Amino acid sequence: MGEGRLPDKPLKAWLQRSQTQKHIFLLIAIVPALGGYLMFTLYPNFVSIYYSMLNWDGISPPEFVGFDNYIKLFQDSYVWRALSHNAVLMLCVPASVIMISLLLAYLLTNKSYKGTGFMKVVFFFPNVLSSVVIALLWSFIYDGSFGLLNSLLRVIGIETGNYYWLGNTDTALWAIIPPAVWAGVGLYIVIFSNAMATIPKSLYEAAILEGANHMTRLFLITIPLIMPIIRVSVLFLALASLKGFENVLVLTNGGPAGSTDVIGLYMFNLAFGKEYHNYGYASAIGMFLFVILVLVKLVTDKFFANRSAEY
């Protein structure tokens, strides 16, 4: 055995000890996160399945009712009305956010503007605010007496008087959409801008030589190449439109006359509202919402092919 060479047995023992240390490190890194996931995500979901089969107000002894809550759910007109409002939000919010974000991201990426980085920060600013703060800001904008929206309309010659946009059943649901769009656009501008920055400039240069304008380049080069990013963004926005209710809670609390009630808010009020404390029925609605979210995910995967264009 030459000089400087470690004996086979000590070397083998050292390698084994190194692998052991690696495994210990991986366990230390993974176990806390896995434990948190099991405790705060997986366990509550399984418990909710059990709760959904109870008639329980959180205080009195629970009564097992089997699938009665699910039967009641399908006969509850409030559930279907709330889901219809969610459907409107799910169609309007993702489409608006994606279109506005794509256009602005393309302009910021492919046009020579000064202060592009600053503009991205400005667009991203709503994302550092909580949803409650955003809803409060827009409640002032929509205010009938001193709201910014009515003031701007009067400036351009449209007299609305002291119109309360959130207090009218014809406009309340539609007034929920702009705050959600404003809050989401900034994040997706950053995401789409980073995706567009990876597209080879030679593709745009070749398209320019062929006489393609900006819209042609956007729809025939940019969008096909970042389609996987768009697909995931649509999915996230659609799921958020179904699950979220913070904006509705602060802006209208489901009113007027239930015209803005959404399924998440209805479930929240059933469990924690002033009039109801029906944890069993609220859990059943939560399980039903989970099934809807899975279906939306499957439909999104089917509608948006999981592939990108190649040039």
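Backbone N, Cα and C define each Cβ position, glycine as well.
Feature annotation from TrEMBL assigns domain 'ABC transmembrane type-1' to 83-300.
The list of residues near the transmembrane segment (24-43) in space but at least 6 beyond its ends in sequence, with Cβ under 8 angstroms from a Cβ of it, is empty. Under the heading transmembrane segment, TrEMBL lists 24-43 (among others).
Residues or ranges marked as transmembrane segment in TrEMBL: 87-109 (among others).
Listed as Cβ neighbours of the transmembrane segment (121-141) (distance under 8 Å, sequence separation of 6 or more from its ends, same chain) are residues 104, 147-149, 166, 175, 178-179, 182-183, 185-187, 189-190, 244, 246-247, 249-251. Taken from TrEMBL, the feature transmembrane segment covers 121-141 (among others).
Within the same chain, residues 85, 88-89, 92-93, 96-98, 100-102, 104-106, 108-110, 120, 123-127, 129, 131, 134-135, 137-138, 142, 165-166, 222, 226, 229-230, 233, 237, 240-241, 244, 247-248, 251-252, 255-256, 259-260 sit at least 6 positions outside the transmembrane segment (172-197) and bring their C-beta atoms closer than 8 Å to a C-beta of that stretch. Residues or ranges marked as transmembrane segment in TrEMBL: 172-197 (among others).
The transmembrane segment annotation in TrEMBL covers 218-242 (among others). Long-range neighbours of the transmembrane segment (218-242) within the same chain, counting only residues 6 or more positions beyond its ends whose Cβ lies under 8 Å from a Cβ of the stretch, are 86, 89-90, 93-94, 97-98, 101-103, 106, 180, 184, 188, 191-192, 195-196, 199, 203-204, 207, 212, 263-264, 289, 292-293, 296-297, 300, 304-309, 311.
Taken from TrEMBL, the feature transmembrane segment covers 279-299 (among others).
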